[in-house]
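Chemist: Could you have a look at this structure, given as structure tokens, before my questions?
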């Protein structure tokens, strides 16, 4: 939260070196947490889907795993579950901070969002008194709430960014339809010099959604053996978001060689 800062030249140099690897490791941890959350949610949603089909009588009696091979969990369901979990976690943490720190409940909710989203203004900081009642238990709860909250909000932000890209894609398609007659050059006309066309930008913005939807589908139906074998052979394990895009590109480059 910016309350403790290095004062010596050696401390500042150590902070730079430590932060370089520490921040990279933290981002990797968050991406791995997101992968595990997606796998867990896909498993739960698949089980709920199977239970729903059994109750409706649509699931064949000799059930096989490939009976739901074409079914894909919805990204919107993942967003809803992550959002509800983030709200529940924030409410529980706020109740603890209100009781122990003496803050208003609204201030506690504000602190939870600022902390879980890693904004960290520092106007409200927990565990700053010299002594608390049940101090060890409170600090353990504070650590667990912050750890789970940051991981959950990071995962939620990744899914929300996909929805924002969907809205931007819709807006770009509308703009493209309205101004394509004026903006598109005639056959044989020279290009306008722009780095990327609107159509290419719209297509590139679908990468994160496709990766997340693919991860949900593979987690629900089992990873294809061919994909897993090639990924292990090349040393790249897929991933989600920016990590998934980078690993997929590296895997394709390594396979082409």
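One is the number of the first residue shown, and numbering goes on along the chain from there.
Every residue gets a Cβ built from N, Cα and C, even glycine.
The model shown is predicted, which means the values in this text are computed figures rather than measured ones.
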Chemist: For which of the residue intervals 53-73, 137-157 does TrEMBL record transmembrane segment?
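Modeler: Spelled out, TrEMBL records transmembrane segment over residues 137-157, not the other listed ranges.
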Chemist: Which one of 15-45, 170-200 shows up in TrEMBL as transmembrane segment?
Modeler: 15-45
Chemist: When TrEMBL marks a stretch as transmembrane segment, which of 108-125, 216-233 is it?
Modeler: 108-125
Chemist: Over the domain 'Potassium channel' (86-164), work out the mean pLDDT and round it to an integer.
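Modeler: Mean pLDDT for the domain 'Potassium channel' (86-164): 93.
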